[in-house]
Amino acid sequence: MKNSVSEQNFYIESEEEDEEKEFNRDGEGEADVNGTDSDESLADDNRQQSKTGSYNTSWPQSYRQSIDLYSSVPSPNLTFLGTPTLSRLSSSYLSSSLTRRHTPESLPTVVKPLLDKPEDEQLPPQRRSSRSLLPPTLLRRSSSIRKDEKLSRVSHELPMSRQSSFGQAVLNGLNVLCGVGILSTPYAAKEGGWLGLSILLIFAVLSFYTGMLLRYCLDSEPGLGTYPDIGQAAFGTAGRVVISIILYVELYACCVEYIILESDNLSSLFPNANISLGGFELDSPHFFALMTTLAVLPTVWLRDLSVLSYISAGGVIASVLVVLCLFWIGLVDNVGIHSEGTVLNLGTLPVAIGLYGYCYSGHAVFPNIYTSMAQPSRFPAVLLACFGICTLLYAGVAYMGYTMFGEKTESQFTLNLPQDLVASKVAVWTTVVNPFTKYALTMSPVAMSLEELIPSNHMKSHMYAICIRTALVISTLLVALSIPFFGLVMSLIGSLLTMLVTLILPCACFLSILRAKATRFQIAVCIIIIAVGVVSSVFGTRSSLSQIIENLNT
């Protein structure tokens, strides 16, 4: 296995060679003036690089980059128009394999320490950029760029500088929290009853508090920037790996939900669609599940997902539009209130717990949002705005949907909407289109983490990555066809995974990292939250699995 920095994960864009030549021509006149400073900075960078090489950086190293892309951190900035970046937005995964273009998914090859050494504290107060991960050949090229403070980062860097405004951070948080979970809140109200809605509020408060705990963990040591970093600081390499696996499994399960969602909604629009393949008859749900998989597969092959990240940032608008359509149908189109509902359903309450828990599965992204903010002191206000707005939307949809459809409420309220109404068509088609832009972004972190495991001597062969991504997409199809129960699968994810990510692990990491500085009140609250998370996870997982098995046997 080769250890040379220049021969591993960094793939240099072909046009960068021309840029380097032009840069060298323009910089010849300044070489004598800045030569000494450049040499000194290069020596400093090389010393920093040799220092980082002494650390054993654990898998995954691509988490920061992939989650930033998934959550649009920092928010899209239209200033890319007219810049060289524009020519890269349309580059595909397949074309990059021919030209060896640099892509946002190229992984840093130089090992990076979890915690910075005192020398790093001399850097500006914002969190360190990934610039220090560049090999010497790239550092020479960008030595003058480093001196221009107007350029916050170059194309090779991860978006780690603090540049997101308060509004951008709120939109990023809403884009993560306002997902497909909003479609199942009426179903959760039916499963748990009206009193079960109090669980939604309780989870909102607890999730807000644990989001603040993640912030305290990030501020406890320099160099912490992601959820896996926090896990490593708390429990070592094993903590980093376990937390990463949980986060990736949660993202993978969300992709399975996207397939089920598309299958259910499209088959409701075209119930008579079917096809025969080799003697096998595919009914409408199976047919649309297959078509959805074929449609999203090329997007997963894309190397540059910037365009998709910009489009998926409209997920907040899509969620609000679907909510408005539901209220319009109930209040303006006079579908009206047909059921008073039940006060409490103890038998199916654990399923509702998992569904409500799924609604607040955004903690994997909160550390990235915090470290990207220009004013990190406003992070509590960002969390408060995100959880407040989302809770109002969830509660409003749960109330309206359950009162409109009563005990006939489906796992997605779009399946209950009258198909002859214009608002219903808008809601359903908005629900159908949105996952197509999010599937590749959701699957990308999982794929990149697996690509890190490819031996370095095969790293430049993009065929391995294509095979990994294709296998992941096909596997989500197989899982979706095997367990085609949207609500129950969501409840299982919320109970088994989200409870860990949102409630249990933040408290455990906080107690491990800051127990000596924590107050008795904080320790007591963390213990209570862990207990609530464990109990909810056990009962919710058990109930969801039992109902899934029961439905499979019928």
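Each residue, glycine too, has its Cβ placed from N, Cα and C.
If you look up TrEMBL, you'll see 1-11, 49-60 marked as compositional bias 'Polar residues'. Here TrEMBL flags 123-135 as compositional bias 'Low complexity'. Under the heading domain 'Amino acid transporter transmembrane', TrEMBL lists 163-541. What TrEMBL lists as region 'Disordered' is 1-60, 97-135. According to TrEMBL, the transmembrane segment annotation covers 169-189, 195-218, 238-261, 310-331, 343-360, 381-402, 462-486, 492-514, 521-540.
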Quiz item: Hey, would you say the transmembrane segment (521-540) packs against the transmembrane segment (238-261), going by three or more CB pairs under 8 A that are 6+ residues apart?
Solution: no
Self-check item: Dominant neighbour of the transmembrane segment (310-331) in 238-261, 343-360, 381-402, 462-486, by Cβ pairs under 8 Å
Solution: 381-402
Exercise. Quickly jot the same-chain residues contacting the transmembrane segment (343-360) by Cβ under 8 Å, restricted to those at least six beyond its ends, or write none.
Key: 177, 181-182, 184-185, 187-196, 199-200, 203-204, 207, 387, 390, 394, 487-488, 490-496, 498-499, 502-503, 536, 539-544, 547
Practice problem: Quick one: find which recorded stretch in 195-218, 238-261, 381-402, 492-514 has the most Cβ pairs under 8 Å with the transmembrane segment (462-486). | Solution: 238-261
Self-check item: Non-local residues, at least 6 beyond the ends, that sit with Cβ under 8 Å of the transmembrane segment (238-261)
Solution: 58-60, 63, 70, 179-180, 183, 227-232, 289, 292-293, 296, 361, 364, 412, 431, 435, 438-439, 442-443, 445-446, 449, 472-473, 476-477, 479-480, 483-486, 489-490, 493, 497-498, 500-501, 505, 509
Quiz item: Counting only residues 6+ away from its ends, which parts of the chain sit with a Cβ under 8 Å from the transmembrane segment (381-402)?
Solution: 166, 169-170, 173-174, 177-178, 181-182, 185-190, 197, 200-201, 204, 207-208, 211-212, 319-320, 323, 326-327, 330, 339, 341, 356, 359-360, 362, 366, 369, 373, 409, 413, 416
